[in-house]
Amino acid sequence: MASSTLFLFFSSLFIFTSLLYVSEADYSAPIVKGLSWDYHHKTCHKVEKIVRKHLKKVFKDDIGQAAGLLRLHFHDCFVQGCDGSVLLDGSHGGPSEQTAPPNQSLRKQAFDIIEDLRNLVHRECGRVVSCADIVALAARDAVHLSGGPHYDVPLGRKDGLTFATQNATLDNLPAPTSNASTILSALATKNLTPTDVVALSGGHTIGVSHCSSFTTRLYPTQDPTMDKTFAHGLKEVCPTNTTNATTVMDIYSPIKFDNKYYVDLINRQGLFTSDQDLYTHEETKPIVESFAHDEKLFFEKFVKAMIKMGQMEVLTGEKGEIRAHCSIRNNDNKGYFSFLAEEEDQYYVESKDELR
Ligand code: HEM
């Protein structure tokens, strides 16, 4: 009797938790041709486990790295699509996308973590998962392991063969000094709605910023839309407009992925103009309010927007390649390939054609 009650208890718990999981996974989200939810099922079914396990370890030491990985995915997708081009080193073709001003403040460790993950995944499965897919999975886990929603990621992206120019990088990544109208129209060209814009900006619920990204709001005159006590605190961290220090972006709960970023905006404690103005603009203000009052709604819209962002201009099928090293395109990587061919032949080399 006792054991059957126990069985019923555990089986209903199991059903409940699986329902919870399924309701969080939005398989109804529109998906780009060439990507699929189970893309790596046959060739690398452990990929998501490998990524999750490694990131748990990384975040245990430093949860700040989660923010770096989330931002890396955003910077990858907005410039030339989610093709891992931000990971490429510069070449004779010119300075890389990575060195363009908006990318200079990406965390160096984020690049190392992605390369470590690629190494772990390729060791287990061979060269079948792209760096761009790994970036998307790492961003997803960064959100979830910081307290945010879990969601499934459409997979099957290929890595790009080129990086964007410095100008293209600057043109595609909005400046923190932009107002909401500028952000809305810039992101509309990427097919993102005002709800997507407000939800994605919620990525600023974790992480830090350098003074240089917001000191124009403090000096020479203080932005009147900024809460005075908040401004006072920022001036202590950044006493001049050339101070090189960092401060948290969500003063309320800086390492937790939650909806408090929107509460900050209502309290006029948003760090950038691009954040704070979302609470001034008449189209986005009600969305900010709804997310501040309803975290579940924020999570739902954030997941939708991330899935959309994660599929921007992706390369699939025959387009692009699966890099053997995230910072180097395969054509420039012959030395590394001959080493692999000798060491672990069939696992690492998908097709001889790709080695040309
Ligand atoms: C809408 C336009 C956006 C602007 C203007 C913007 C701007 C910025 C700036 C200036 C920083 C600080 C850089 C520094 O000084 O160190 C930053 C950090 C960050 N951004 Fe954004 N961002 C935007 C959208 C997004 C999106 C869509 C996401 C992700 C969904 C995101 C996630 C982050 C994260 C997590 C950090 C902290 C990074 C860290 O701690 O290393 N941002 N952003």
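The backbone N, Cα and C atoms fix where each Cβ goes, and this holds for glycine too.
Of the listed cysteines (Cys131, Cys238), only Cys238 is recorded by TrEMBL as the disulfide partner of Cys211. Partner cysteine of Cys77, as given in TrEMBL, is Cys82 (from among Cys44, Cys82, disulfide bond).
If you go by TrEMBL, Cys125 shares a disulfide bond with Cys44, out of Cys44, Cys131. All chains included, 27 other C-beta atoms sit within 10 angstroms of the C-beta of Cys77 (disulfide bond).
In this structure, the C-alpha atom of Thr205 (Ca(2+) 2 binding site) lies 34 angstrom from that of Cys125 (disulfide bond).
The binding-site residues under consideration are Asp76, Asp83, Glu97, Asp250, Asp258. Their Cβ neighbour counts within 10 Å are lowest for Asp258.
Other residues of the chain with a Cβ within 8 Å of the Cβ centroid of Asp76, Val79, Gly81, Asp83, Ser85, Glu97, the Ca(2+) 1 site, are His75, Cys77, Phe78, Gln80, Cys82, Gly84, Val86, Gly160, Phe163, Ala164.
Annotation: Cys326 carries the greatest number of neighbouring Cβ atoms among the disulfide-bonded residues Cys44, Cys211, Cys238, Cys326 [cut-off 10 Å, Cβ to Cβ].
Other residues of the same chain near the Ca(2+) 2 site, with their Cβ within 8 Å of the Cβ centroid of Thr205, Asp250, Asp258, are Gly202, His204, Ile206, Tyr252, Ser253, Pro254, Lys256, Phe257, Asn259, Lys260, Tyr261, Asp264.
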